[in-house]
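S.K.: According to TrEMBL, the feature compositional bias 'Low complexity' maps to B:1-11. The region 'Disordered' annotation in TrEMBL covers B:1-25. Marked as compositional bias 'Basic residues' by TrEMBL: B:15-25. Residues or ranges marked as transmembrane segment by TrEMBL: B:34-64, B:97-119, B:131-152, B:182-206, B:227-252, B:286-308. Annotated domain 'ABC transmembrane type-1' per TrEMBL: B:93-305, in sequence order.
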Amino acid sequence: MSSSFSRRALLKGAALGGLATTGALSGCASGPPPGTATWSMWSSSPEENRVWADFGRYVERRMHIRSASTLTPSDSYPTKLDLQLVSGTAGMVTALNGWLIPTYASRGAHRPLDDLIAADPDFDLDDFYPAIRSISSFAGHTYAIGFDVAPTVLYYNRTLLERNGVDPPSPTEPMSWDTFRDLAVELSEPKDQYGFTCAPSIDDLVSWIYCAGGDVVDGDRGTSPLDAPEALEAIHYVVDLFVKDRATPPIDNLAQSASGAALANFLQGNVAFMQNGPWQVLNVREAPFTWDVVPFPAGPAGSTPRVSGSSFAIPSGVRGDDLELAWRLLKTLTSTGALDIYARAGRNNPARLSAASAFEPPPANLGIVQRILKGEVAGGHPFNVTTNWNRVRLLLGQDLPRAFLGQVSVRDAIDGVMPRLNALMRQHRDAVRQAA
Amino acid sequence: MAVETPTAATEAPRRGPRGPLRRPRLRRHGSETVAAWLFLLPSLVGFLVFTAGPVVAAGVISLLDWNLFSPPHFIGLDNFARLGPDTTFWSALGNTAYFTFVSVPLTLLVSLGLAVLLNQGLRRMAVFRSLLLLPYATITVAVAFVWVWLYIPHDGLINAVLGAFGIDGPAWLISDDWAMPALILMSVWKSFGFGMVIFLAGLQAIPQQLYEAARVDGASPWRTFRAVTLPLLSPSVFFTVITSIIGSFQVFDQALVMTDGGPGTSTTTLVMYIYRTGFQNYEQGYAAAQSMVLFAFIVVITAAQFLLQRRLVHYDL
């Protein structure tokens, strides 16, 4: 009896202990103490983690307070950020990919920074490249401060070109589309060697559309010019490289991340040219061949590929003393000193002109990135997106790849998406008007 | 009765079970009940907070227009009315039904076949059982990446093997016609281990005398399987069918990793569409309405199976 009683008592005790532990653990999950500088960022590799840890130490050194960053893999970052914003658990400063800024701004998830900028004589917005200022704005207001910005460039495999007796392209003068196509076709011999790689997605296609003088978004007119002759010419050009010229590695599946698949192809060493941004420089440095970057090929409207960037913003829920702290934190995270750390690690071109010198070779021609942004060489086009770009991207991501696979003609693919695309453009127009 | 009444009054304490022993037993039952509730409590709290609560919340959200950041507005059944003309929703529902009604029977057949084979008293059965259970024990996302490699059209392993037999393999994940069968094939490979273990346990619980009696009666192996094995295995089959159908209706990971729902929307499943509606299109109310429809489908199909099991499932020998 006594042994039965003690066993039962033990079991009861275990059950009660479990409940108490659960309660205690849930009580502990209350977040960092007040006055901590909290910020959110995406990070998908140990190298990136190290950069953000350095940022955290820099913040603590400069602000003399504790820094607490929440790092999330880039694929799941937007969803996690959404949930944090809704539940009021987001950091007082959150990193935003430039193409998501109109999405968050139009929904009131982040606050405009104009009042904070105007009240702070120490903050020099002119030290940021105009492209990132444009990307970080919505409806005439600044919603974020950039930390990186860069145009899409053309990577080339110098070893492969030399092996095929082809001179490297000019480091400053963009190739014409005709020249580029001829080279891509010529370098697609012998078997298993390819002239060019890019992702069969709107993210990459849009650079060619800009170079042809077209666009996906036309202000807030409520219609998309994707079926205009300029855009169609660009789409035909790229699709032909895939389908007619067979100058690109075959598409294996449609689920790989856009730039990831192109990078993987290029790193194999059997692809002559890759369309990508300087944010891949760090990864391409691992390549077992010599390479460099040159300006993007010039179409009928010149060399004006997509210019993308990322920024830090303050959620709308941050108020009072926290707002003052958040602004100090945002300024520190985007200061020349912080961006020096970022650029020196090779992550990407910094958004500040005063930090530009920290983004150094290799490759030898890396300086072209800043010259393009300053308008000294070639050109660029800020990534023009809508307040519902997620949906636009999804729609085009579903239907355009069929053209790249040769399953449907470009005309049919575009005609198929236009009604739904225009519906999204009308939704965007309404959102912009409502925000204004 | 006349004799019993005074005796009952005087001898009640010694009357055994109905007398003084009843109270300690009640006390014991009471304390066991408390202990049982204490043990159930973590699961019950988990169920209420993480399952029942969200279902109720989804029901409420399905009546709202809510983009996550702005205040929600009550719009009644408008979100449900939107489902009618939404071709992507019906396409996703069709894809999910296609996946479910092909993958579940295939998985069951493979599981049952392997369980019957393993039940033949093979040597090193434990080793085979462990090896065959391995796909089920691995993470779907990791396995899906491996299958993406296997399915590469021009130099993937599957098409290389087919090519060795003179067969020109399909484009698998980038083909409208083959992307869904490719997902199903991978899912069958991934899931058969679960059913196999359940069936094996069911097979080993069938008394050997029944097989001996069938043999004495001259029943063929097929007749024995139909008349003895299948009926006595029916509870295991029922359990596996229910759990497999519910799991298949919620297919998400492999489609996201292997095809991202494409080409076009040919492998966009309902849960994938719900996720995109809620977290990429920021239409929480509409996503909740879709999830309520999915919930209703699963409830109806499960209820139908429970009704059918009265005729088809045999719990007694």
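Using N, Cα and C of the backbone, Cβ positions are placed for all residues, glycine too.
Bear in mind that the values here come from a model prediction, so they are computed numbers and not experimental data.
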S.K.: Excluding the flanking five residues on each side, which residues at least 6 beyond the ends of the transmembrane segment (B:34-64) place their CB within less than 8 Å of a CB in that stretch?
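M.R.: Residues 72-77, 79-80, 284-285, 288-289, 291-292, 295 contact the transmembrane segment (B:34-64) from elsewhere in the chain.
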S.K.: Can you tell me which recorded stretch out of B:97-119, B:131-152, B:227-252, B:286-308 has the most Cβ pairs within less than 8 Å of the transmembrane segment (B:182-206)?
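M.R.: Checked against B:97-119, B:131-152, B:227-252, B:286-308; highest Cβ contact count belongs to B:97-119.
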S.K.: For the transmembrane segment (B:227-252), which partner among B:97-119, B:131-152, B:286-308 gives the most CB pairs under 8 Å?
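M.R.: Against the transmembrane segment (B:227-252), the leading stretch is B:97-119.
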S.K.: Using a Cβ cut-off under 8 Å, which residues of the same chain at least 6 positions beyond either end of the transmembrane segment (B:131-152) come close to it?
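M.R.: For the transmembrane segment (B:131-152), the list is 114, 118, 158-159, 172-173, 182, 186, 189-194, 196-197, 253-254, 257-258.
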S.K.: Same chain, outside the transmembrane segment (B:286-308) by at least 6, Cβ under 8 Å from its Cβ: which residues?
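M.R.: Contacts of the transmembrane segment (B:286-308) (Cβ under 8 Å, skipping residues fewer than 6 from its ends): 55, 58-59, 61-62, 64, 79-80, 82-83, 89, 93, 238, 241-242, 245-246, 249-250, 270-271, 273-275, 277-279.
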